[in-house]
Amino acid sequence: MQSSATENTPLLGESSNQGLEAPVYSTSSAVYGEAEEEPIHALITRYGSPGGGSLGLSGGIGIFGTSLTRRGSTVSLPPTTDTLRRPSRPTIQYRKPSLSPVLERSKHDDILNDSDDLSQDPEEHRRPTKFLYGVRDSQFWSCFIGVALVCFVACFDSTLMASSHPVITSYFDASNSASWLSTSFLLTSTAFQPMFGRISDTVGRKGPFVFSLTAFLLGTLWCALARSILQFILARAICGLGAAGALAMGTIIISDLVPLEARGGYLSFLNLASGVGSSLGAAMGGFLAETLGWRWEFGIQVPAIALCVVVAYFSTPPALGPMLSRTSQVSQTFVETLLSFDLAGSALLTSSVTFLILALNLGGNMLPWDSPFIILSFVLFFALGTALIYVEHRAAKPVMPLHMLFNKPQGNLIFSNFLACMTMNTILFNLPLYFQAVLLDTPTRSGTRLIVPFLANMVASFATGNFISHSLRFRPTLIFGSVLIVAGSIALTVMPHNLPTALYSWLTALATGGQGFNFPTISIAILAVSHPEDMAVATSTLILFRSLGTVMGVAVSSLVAQNGLNYFLERSVTGPRKSQIIQDVRLSVKAVRGLEGIARDQVINAYALTMRLTFAQGVVTAVAALLLILFVRLPRLNNPKK
């Protein structure tokens, strides 16, 4: 079935050979409720009399009311005079176009949950609800605000740590361990994050959500109380586990509760909360460390995370998840469900990702790339990754379904987002170095230059959600965001280092604005093209590849920058102190500002050429990300009002 001429893509769930089969509604005696469709007497008036016709009429109405039964759920109508005069009302079967599996499930959940607990609060359940699983507005908004607070605190923590880790390592006299502060967090968050989706499919959403928030709370509290650098590193690892699970489960829960066609607006608010948290963390990190002390950077987060735990415990519906849903057709005990969990796949996924992150983070940083440990880590990653593909291909319920990676359009969306993440982290990781080494900014000044790009990201994310909610289309924002990322990467590659000060922030905002259009759109698109039972796994898999894109973006760009800087310094710097100057500026960016005369100009030129080469690498990944989704045919959301 084709839509209007304004859109040439098919509606979600439609095809050219779609049949006319539709849900069958039969009559029975039941408690008073509200029907989703038209009342029976209205349908009879519209489609024909009970006496005959081609509607396939048969059997049974009682005097206590008329009800509709659809796939096992009963929705009742009040008695009418027509009902009382006719002791035998026929079953009615009418036909309408079917919805996509995702929207059909959403519609089914609305019917089922509006009729389940009528005896508790009939007036409340008679009111129409726009959320799934029969969740009342007050309960949903409590849950949603809690998830938004989780996004804010987690992103605040990540950028706060990025700007204050030199103070922390100096306090413990362990500056050589600085990379482990981020590596430990990234290791646990990336390695364990994919498991939360499948675990929540098995045991429900609430348990993993509360567990991850509790781990985040305890890890943050331990960070504030750490007595050694080892304790702090272990605490950051626990924080990574908790933050990853909390962010993944929060997104999954909101996706469960909100119909697909309305998710854009709600996810845009979550992106807005994340953007505000990232901006405040980057801006306040140094200030809090200098005024209150680094321990209070974590101490002030503890009450907020504790509030998130309480809100999650009391507001998260307990029956979320395919195995617990009242619409589930699977008959398994809790023990059978746990035994069906993909333990082998989870272990292989966690271990392979662990070795990859260790190799990428430590290689060229704390250890040379040709060190035995780095080589062994890469070998183990490839070996375990190969075993993972074999196991997941045979698993009944794989923790990472391979069809998501190798089939259109899921694979295109996931790998495009992976490459876009590489591009954005190439830009954001190296821009402070450009500002401090080429423009000779102070660390505080370089941080303020990122405020406009962060704001552009927030505005674009908010606009994206509203556009998708109103237009029910996500291809325009997906393509537009990808094009902006390419344009921003090119602009940073060719920009000279004598532009007006404000222009650097606006050029950077091209790429971050593109990220704001692209990332929320892909989050919705991956759900729209996935089977309902795979939605949680699709979300966690997408987040996994975003995390891997973060790691790869930092690792690859660092490799390019380190080798490029060596090359350009050797070519640019001259004079009797050449070796000493090169050594000093490679160890500390502050040394560039201490140089004078021609030596400073030579070093600045070398850094400028290095950054241009690094941003050019970002252009390559940005173009590849665009090509992956440029020619992919994506569905359009159904309009629930039709």
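Every residue, even glycine, has its Cβ placed from backbone N, Cα and C.
If you look up TrEMBL, you'll see 72-82 marked as compositional bias 'Polar residues'.
Annotation source TrEMBL lists compositional bias 'Acidic residues' at 112-121.
Taken from TrEMBL, the feature domain 'Major facilitator superfamily (MFS) profile' covers 143-636. This prediction places the mean pLDDT of the domain 'Major facilitator superfamily (MFS) profile' (143-636) at 83.
TrEMBL lists 1-21 (among others) with the feature region 'Disordered'.
Annotation comment: TrEMBL describes 72-124 (among others) as region 'Disordered'.
Residues or ranges marked as transmembrane segment in TrEMBL: 140-160 (among others). Within the chain carrying the transmembrane segment (140-160), a Cβ under 8 angstroms from the stretch's Cβ atoms is held by residues 131, 185, 213, 216, 220, 239, 243, 246-247, 250-251, 253-254, 257, 266, 269-271, 273-282, 284-285, 288, 297-298, 301, 304-305, 307-308, 311-312, 314-317, all 6 or more beyond its ends.
Here the transmembrane segment (209-227) has Cβ contacts under 8 Å with residues 150, 154, 157, 196, 200, 234-246, 248-250, 253, 295-296, 298-299, 301-302, 305-306, 308-309, 312-313, 316 of the same chain, all six or more residues outside its ends. The transmembrane segment annotation in TrEMBL covers 209-227 (among others).
Residues annotated as transmembrane segment in TrEMBL: 233-254 (among others). Within the same chain, residues 143-144, 146-147, 150-151, 154, 157-158, 161, 177, 180-181, 184-190, 192-193, 196-197, 200, 205, 208-209, 211-220, 222-223, 226, 263, 266-267, 270, 308, 316, 320, 523, 535-536, 539-540, 543, 547 sit at least 6 positions outside the transmembrane segment (233-254) and bring their C-beta atoms closer than 8 Å to a C-beta of that stretch.
Here TrEMBL flags 266-288 (among others) as transmembrane segment.
Annotated transmembrane segment per TrEMBL: 341-360 (among others), in sequence order. Listed by sequence, the residues of this chain that lie at least six past the ends of the transmembrane segment (341-360) yet keep a Cβ under 8 A from its Cβ atoms are 183, 186-187, 190-192, 194-195, 198-199, 202, 374, 377-378, 380-381, 384-385, 387-388, 391-392, 395-400, 544, 548, 551-552, 554-555.
The list of residues near the transmembrane segment (372-391) in space but at least 6 beyond its ends in sequence, with Cβ under 8 angstroms from a Cβ of it, reads 342, 344-345, 348-349, 351-352, 355-356, 358-359, 362-363, 398, 400, 402. Feature annotation from TrEMBL assigns transmembrane segment to 372-391 (among others).
Among the features that TrEMBL reports, transmembrane segment is placed at 412-435 (among others).
Look at TrEMBL and you will find 447-465 (among others) tagged as transmembrane segment.
Taken from TrEMBL, the feature transmembrane segment applies to 477-497 (among others).
Per TrEMBL, transmembrane segment is recorded for 503-529 (among others).
Non-local neighbours of the transmembrane segment (541-561) in the same chain are 186, 189-190, 193-194, 197, 244, 247-248, 251, 353, 356-357, 360-361, 363-365, 369, 400-401, 404-405, 413-415, 417-426, 429-430, 433, 519, 522-523, 526, 610-611, 613-614, 617-618, 621; each lies 6+ residues outside the stretch with a CB under 8 Å from one of its CB atoms. The annotation transmembrane segment is assigned in TrEMBL to 541-561 (among others).
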Practice task
Give me the stretch from 266-288, 447-465, 615-634 with the greatest number of Cβ pairs under 8 Å to the transmembrane segment (477-497).
Solution key: 615-634
Problem - Listed stretch, out of 266-288, 412-435, 615-634, that has the most CB pairs under 8 angstroms to the transmembrane segment (447-465) - result: 266-288
Exercise for the section: Could you pull out which residues elsewhere in the chain have a CB under 8 Å from any CB of the transmembrane segment (615-634), counting only those six or more residues past its ends? Expected result: 9, 408-409, 412-413, 415-420, 422-423, 426-427, 430, 474-475, 478-479, 482-483, 485-486, 489-490, 492-493, 525, 528-529, 553, 556-557, 560
